[in-house]
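What follows is a short report on a single structure.
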Amino acid sequence: VKLFKGKSVRDVLEERGLLEEFLKEHKDNLYSRFRGASKGQSLGSTDSLVNYLDLSYTGTISVGTPPQSFIVIFDTGSSNFWVPSVYCSSYACSHLTMNVLLLPSVKINGQVVACQSGCQAVVDSGTSVIVGPTAPIQKILRAIGAGPLNGPWYYVSCNSVSSMPDVTFVINGIDYPVSSSAYVLKRTSNGKHYCMSGFDNMALPTTEKLWVLGDVFIGVYYSIFDRGNNQVGFAKAA
């Protein structure tokens, strides 16, 4: 299916001066979406469907006979297939399953900065950034020179992008480096250019060690979701 990149909801709200008020009224805890999977469980969950502000890749699929076309977001972090319907009242509509990976470590300049004792990770095309527990994410933000939180984002200097280090994720003994050109998100608002970090943290219990490898990671590595063999494969994107 061919994908198309359009303007994200965040960009549209920001252009219209509505983003700050929207974020105050719609707070999303990403952890509530993945906590069952992180514990090896398959649980029903409630998804508020507000974690879509930065999703910009869509595709067109056809459903039914005769076929009806829908523009959809391909979300590998959820097993649900969402199309407009007045009939879906089944418990299955809130069912959530996904592949969980072991993430032994995260490195910067060869030094381990996170997951020394191993963590779990979900590869999710429905999450726009790379998300992890607060402490290791703060280490990464300091290492890349990200400034204080401004609204929901950490900002970096656009002039320093070329000198920022790679952040390397070790999966199954293989290094998967993500360069600054991938993890720095460049935006333009009211004629001004600014750069944001593609790393974010989520509210987690102190014993939980869950990461979500979103579009920042998937944009670098072509991902194959082999459900038949319950595995995920990666290859460098062309």
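The backbone N, Cα and C atoms fix where each Cβ goes, and this holds for glycine too.
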Quick one: TrEMBL says CYS158 makes a disulfide with which of CYS119, CYS195? CYS195
Cβ neighbours of CYS158 (disulfide bond) where a neighbour is any other Cβ within 10 Å: 13
Excluding its own, the Cβ atoms lying within 10 Å of the Cβ of CYS119 (disulfide bond) add up to 21
